[in-house]
Amino acid sequence: MSATLTALDGSNPAALRQALARAEAWRKWRAFGLTLPLLIFLLLTLLVPIAALLMRAVENPEVANALPRTVRALDGWDRKDAPGAPAYAALVQDLAQLPDSSDAGALARRLNTEVPGARSLVMGAYRALPIDGTPEAMREKLLQTDARWGEPPFWRAIAKNGSRWTPDYLLASVDLRRDAQGHVERMPEDQRAFGGILVRTFNISLVVTLLCLLLGYPLAWWLASLPARPANVLMILVLVPFWTSVLVRVAAWMVLLQSEGLINRGLMAMHLIEQPLALLFNRTGVVIAMVHILLPFMILPLYSVMKSVPPTYVRAAVSLGSTPLAAFVRVYVPQTYPGIGAGALLVFILAIGYYVTPALLGGADDQMLSYYVARYTNVEVNWGMACALGALLLAATLVLYGVYRRFSKAELSLG
Amino acid sequence: MTLKRSLTCAALGALFAGLALPSQAQQLTVVNLGGANGNAQKAAFYEPYTKATGVKIVPVEYNAEQAKIKAMVEAKKVTWDVVEVESPDVVRGCDEGLFEKLDYSKIGSKADFLPAAVTDCGIGIFVWSTVMAYNADRLKTAPTSWADFFDTKKIPGKRGMRKGARYNLEFALIADGVKPADVYKVLATKEGADRAFKKLTELKPHIQWWEAGAQAPQFLVAGDVVLSTVYNGRIDAANREGRNLKIFWPGGIYDLDYWTIPKGAPNKEASMKFIAFSMQADSQAAYARNIPYGPTNTKALAKLDQKVLEHLPTSATNGKEALQFNIGFWADQGESLEKRFASWATQ
């Protein structure tokens, strides 16, 4: 303290600098200390899980762990016809060394995602153990348990998955695969699914974002121009649905949109339509409900930006001879670009991750990518595939954010 | 609260937790698939078991997500004792070491159960069926075959089908003239799968998909669809509420649900006792009276009267042209066929 005091009288500039530096460092450390809990929280809840997700998307330990000898035996194989007897012997040895039947199960599951039918093949061989004798005899025995051991696809799957890391899940998530020689090629037509689903996910999200903008912009403008009291009342009307659970709102839409629901009955009573419209279990229902759920995410950033736009500019433009419409389009709208950008980005990014709404209100061709993430996680228990699809969604989000920054030349701002 | 007092509380808490440990077997967590089936299990299994033994049953509902079991087993923190599991998951889960092997000496004589009910890791609880159903109040001409289901000229209107490949591919082949006994042989070939998807394509614009079992009867009651595939027990539940839904039985696909014990479950012995109780002929008959799903204990049939029997998928008339769901086929081909279905739905 006394050092600071002596430093303050200016007789010793070095001491002053030192005291300043010390105070500065102390402030920095304190600021860091205050953000530390958040940093740890982000690390544990965001970065670690994302890293784990990306790892799982390329991890491929099953074959390498369970069949090391077989993979080595298949090293020089031309991958055209079935391999020679030593590979069969190595396979039998590897299977016999597995510590637990669950390891055989994991191996069977992994190979089955590559070649349908491999599950029963591997488990059949595992149950047929012990098999001994010369390599030739082992080969005969395996072929007796299942003739499919004589076909190359299963052996190719083993040879291809011998390494601990694989691009296969990521390739499959964009409808590509590796052929027998390891070259990347397109999936056969009837197995191509995720490319179409990704396009569909973007399509739905784009339509929802545009509709939200069309509906939200005039409302936000009106709210921003009203005096505080009525504006607050109307704001509550925006916020109450915002605070209501998504599931409740989806269920409400199911009641409203069904063929004997309020909307169809109302339209029929007004003689606008003869037959009930198909509003549910198709794209229409999904889009209506998603727009309703995501609308506040558009209105709120728009409103907060519009609040800060001085009304005098438009008045000035009009007084200088502009028509009101031109003044609105050329003076007012450009000042709300940050709000439009932030709202559109927010709605779009939230929309591409949608899962519950399309699952409940859509048909078989309205499911978005998240539906398949959940499906691979819960039903197929193919976590590699689920993580690869998750990584695809993550990449799409990051690319979008990059594009946004490129065009707006600004950080994301909510007002 | 002072530090000293909170320490005392913690110590007391630990003491009580310690005391409670030995009596934990007095409580079992039984996980079922919910809905009308969950209610029937409560009336037929859980409540009578508690009455007979004093062991409390805590029912939990889930949606057959195997990921939950896998996560519990891998983390070695299993809190579920007995779990109801769908058939393909019994095979897969058993292969992958998710379930304990059952000790049949504690459960009952294997000879008393249907052959399909007896597996290493799971024992079949009941037989249920996916069938065609219609609303007799709305539909004037009843369907007479699966071909009618795909014929929108003969019976105009929408069709309800489960979202996914399972069951629908089988029904498509039956409608296309394949005998139920040959369905899986045909479906296993590339041409057979193509044929099934081609037949489904004919109907595609007229299909309204359902995902939860309760949706199908709702669609029929509301008149959204004229015909629907549906789990047979749901039809009965709707009719008990005064509806007039009818089932077309031939070509139905029957399947079993199984009891399993997740590997490392805390009360293995007590769980086996509960399973044994639910597999007794009396419990099985009580279950069938609550919901028309067929008992897997063959001795239970004799305890049921005609009125119950005629609604069961296992009865002689209903089961005549039925198809048994092929677990092995779907465990092998399921993932690839479901992916093909997703691809087909996009086109």
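Backbone N, Cα and C define each Cβ position, glycine as well.
Marked as domain 'ABC transmembrane type-1' by TrEMBL: A:198-404. Here TrEMBL flags A:34-55, A:197-221, A:233-256, A:277-300, A:312-333, A:340-361, A:381-404 as transmembrane segment.
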- Item | the transmembrane segment (A:381-404) versus listed stretches A:34-55, A:197-221, A:233-256, A:277-300: most Cβ pairs under 8 Å | A:34-55
- Task: With the transmembrane segment (A:197-221) as the reference, find which of A:34-55, A:233-256, A:277-300, A:312-333 contributes the most Cβ pairs under 8 Å.
- Result: A:277-300
- Positions whose Cβ lies under 8 angstroms from the transmembrane segment (A:277-300), at least six residues beyond its ends: 204, 207-209, 211-213, 215-217, 219-220, 223, 238-239, 241-242, 246, 249-250, 253-254, 257-259, 261, 263-264, 267, 343-344, 346-347, 350-351, 354, 357-358, 361-363, 366, 414
